[in-house]
Amino acid sequence: MKYPLIKIIAFGLIITALLSFVNPPKAKTNGTMVLKFNNLFNNQAVEFGKEYTNAHGEKLTLKTLNYFISNIKLTLKGGGEYVVPQDSCYFLVKQSDIGTQQIVLHNLPAAKYTAISFMVGIDSTRNTTDISRRTGTLDVGSTAKVMYWSWNSGYIFFKMEGQSPVIPDSAGNNFYYHIGGFGGFQSKTINNIRTKSISFNESVSNKNKIPVINIDVDVAALFNYKTPILLAKDPDVMWGELSVKISENYISTFNLGSIDYATATNSDK
Amino acid sequence: MKINKTTIAFVAIIAAISVGFTGINKPKPIEIKIPSNFPDPVYDLKINPVTEEGFELGRKLFYETMLSRDSSVSCGSCHQQQAAFIQAGHNFSHGVGNKHGRRNSLPVFNALFNRTFFWDGGVHNLDMVPINPIENKLEMDEHIDEILLRLNNAALYRQLFKNAFSVDTISTKEFLQALSQFLAAMISADSRYDKYIRHEGVQLTPEELAGLQLFKMKCSSCHATDLFTDGSYRNNGITNDFRFDKGRAEITLNQNDKGKFKVPSLRNVEYTAPYMHTGSLETLEQVLEHYNSGIKESETLDSIFRNKDGVPRIALTPDEQKNIILFLKSLSDTAFINDKRFSEYK
């Protein structure tokens with residue numbers, strides 16, 4: 001035998017040793033960052049039942065405000081980016097549940113960051129996958145119960161409901177904006193996946209401290225940012241072309257607020 | 001043998017160990033045999049391998065009325081085995097409160113080969129299929145979380161889920177995976193035609209063979225492969241009034257898809273009357289006469305039906321129709337519709 005087993009094993013060991021030298025030491029991944037979503041209407045914190053007026057002079061109250069945040073990426077100072085792992089990157093923010101309005105990202109590299117990007121919605125892969133990859137936030141029988149269309153299988157990305165006197169009593173004065181659509185499976189359909197990139201305008205470090213990135217979501221812009229949406233004319237938008245205009249409007253409402261710092265607990269140091 | 005305390009203790013320990021072993025026994029896998037004349041399955045059985053425990057649980061859930069709001073209907077109410085898993089004698093299925101659905105129910109066999117589901121293709125993964133009829137207000141009008149509550153409150157179900165999936169609490173995932181296992185195992189591929197085409201010692205009659213030849217010429221471009229569907233969406237001219245039901249266009253919002261519906265498989269078609277998404281044709285004779293003389297003109301009518309003179313029809317003489325029907329009946333899988341494994345009661 002030309003290459004006895006022992007030589008092959010020795011060769012393998014040398015290669016392994018060399019490779020471990022070539023591999024750079026892994027960055028510490030004990031950093032944390034908090035994303036805080038502040039729902040606003042015309043710069044006031046959203047309260048259900050409180051009366052607001054949109055840009056068209058229509059009075060309204062809100063009773064539901066939910067949206068999915070997913071596929072978070074952080075830009076590292078000096079280039080490169082950190083992609084939050086898929087399996088821990090789907091969040092449902094609900095106005096009715098204060099705990100959901102703070103997204104805590106654990107196990108990040110302790111580093112300096114300059115920007116963040118995220119999807120408002122759910123990517124097409126998770127919209128078409130089998131049930132084993134729809135657990136946690138994506139569980140259609142639990143957390144995502146009210147955020148899924150069963151007949152037109154896909155997640156509702158953004159849901160805002162309420163009432164307005166401009167809508168007839170016969171319709172219970174109710175308006176419904178249920179916005180979804182991942183682009184279609186076999187045929188091209190509406191794609192309302194919107195990605196927002198936000199620059200921090202400064203270098204944000206999570207070494208020995210926890211940055212709290214406030215993201216202000218002023219949903220008043222849903223009615224007028226790019227395309228005017230009138231409650232009197234379109235109180236009920238779900239699976240339809242107008243939903244694209246609404247998603248274009250609401251993505252503009254996600255903007256950087258203040259950046260604060262919390263003290264890291266021992267486990268984060 | 002003298003029985004003393006030591007012996008009793010010894011026996012008790014052995015018994016406890018064996019019970020313990022049975023308790024942690026892995027579910028027994030069931031091999032899903034893909035018929036040699038079928039295409040590859042679409043559903044990934046590696047993610048959700050079918051086991052005896054999972055399949056049995058799926059069967060129990062399929063016939064469980066607890067899945068509907070008022071416990072009046074189960075999946076099996078609208079998908080009856082004797083009718084090859086459609087609802088016999090109904091053009092639109094009956095749901096809770098005796099409400100009627102909007103479309104003729106489709107058979108549920110060979111589901112693991114489907115890329116999309118329902119007449120309009122609105123669902124893309126087998127696991128997600130049951131949620132549609134469960135949540136539909138005209139069908140079962142229930143929510144998954146309510147069902148999970150009921151199942152988790154039932155000691156028997158908790159045990160069955162533990163046996164099949166090693167979980168203490170039943171969640172959406174295991175609930176839908178159990179149903180998928182039952183559906184995935186539900187393969188119908190033992191008709192006389194199958195045995196003929198696979199050379200398993202069955203010969204079709206001269207009339208059936210003549211029907212098969214005609215079928216290949218006139219029907220198989222849509223009812224393609226041995227699944228007898230190409231999975232596409234087409235307007236076959238059964239109606240030209242789409243106000244009640246726009247079909248595929250309700251999913252794509254594309255006006256060119258108005259009145260288009262999924263080409264259904266023709267397997268077991270002898271048992272699945274009435275026909276079409278409207279359920280408006282009672283017999284196979286009426287179906288073939290529809291294609292011969294009854295196709296209704298509309299903008300989205302499939303161009304495949306147009307002759308050189310522009311008239312939409314598949315010209316078929318009475319003899320040709322008769323032979324095609326004889327051939328279609330060779331697609332009947334009597335073993336399948338009588339297979340006790342899929343029945344409500346064994």
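The backbone N, Cα and C atoms fix where each Cβ goes, glycine too.
What TrEMBL says about this one:
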BINDING   B:Cys75, B:Cys78, B:His79  heme c 1 binding site
DOMAIN    B:206-332  domain 'Cytochrome c'
BINDING   B:Cys219, B:Cys222, B:His223  heme c 2 binding site
DSSP residue counts for the domain 'Cytochrome c' (B:206-332), split into helix, strand and coil: 49 helix, 12 strand, 66 coil
Per-residue pLDDT averaged over the domain 'Cytochrome c' (B:206-332), given as an integer: 96
Whole-number Å value for how far B:His223 (heme c 2 binding site) lies from B:His79 (heme c 1 binding site) (Cα to Cα): 22
Those residues of the chain, 6+ apart, with a Cβ under 8 Å from that of B:His223 (heme c 2 binding site): B:Phe215, B:Thr229, B:Asp230, B:Val263, B:Ser265, B:Leu266
CB-centroid shell, 8 A cutoff, heme c 2 site B:Cys219, B:Cys222, B:His223, site residues removed: B:Phe215, B:Lys218, B:Ser220, B:Ser221, B:Ala224, B:Phe228, B:Thr229, B:Asp230, B:Val263, B:Leu266
Set of same-chain residues at least 6 away whose C-beta sits under 8 angstroms from B:Cys78 (heme c 1 binding site): B:Ile86, B:Gln87, B:His90, B:Ser93, B:His94, B:Gly95, B:Gly101, B:Ser105, B:Pro133, B:Glu139
Rounded to the nearest Å - Cα separation of B:Cys75 (heme c 1 binding site) and B:Cys219 (heme c 2 binding site): 31
Cβ-centroid neighbourhood (8 Å) of the heme c 1 site, B:Cys75, B:Cys78, B:His79 excluded: B:Phe62, B:Ser74, B:Gly76, B:Ser77, B:Gln80, B:Phe85, B:Gln87, B:Ser93, B:Ser105, B:Val108, B:Pro133
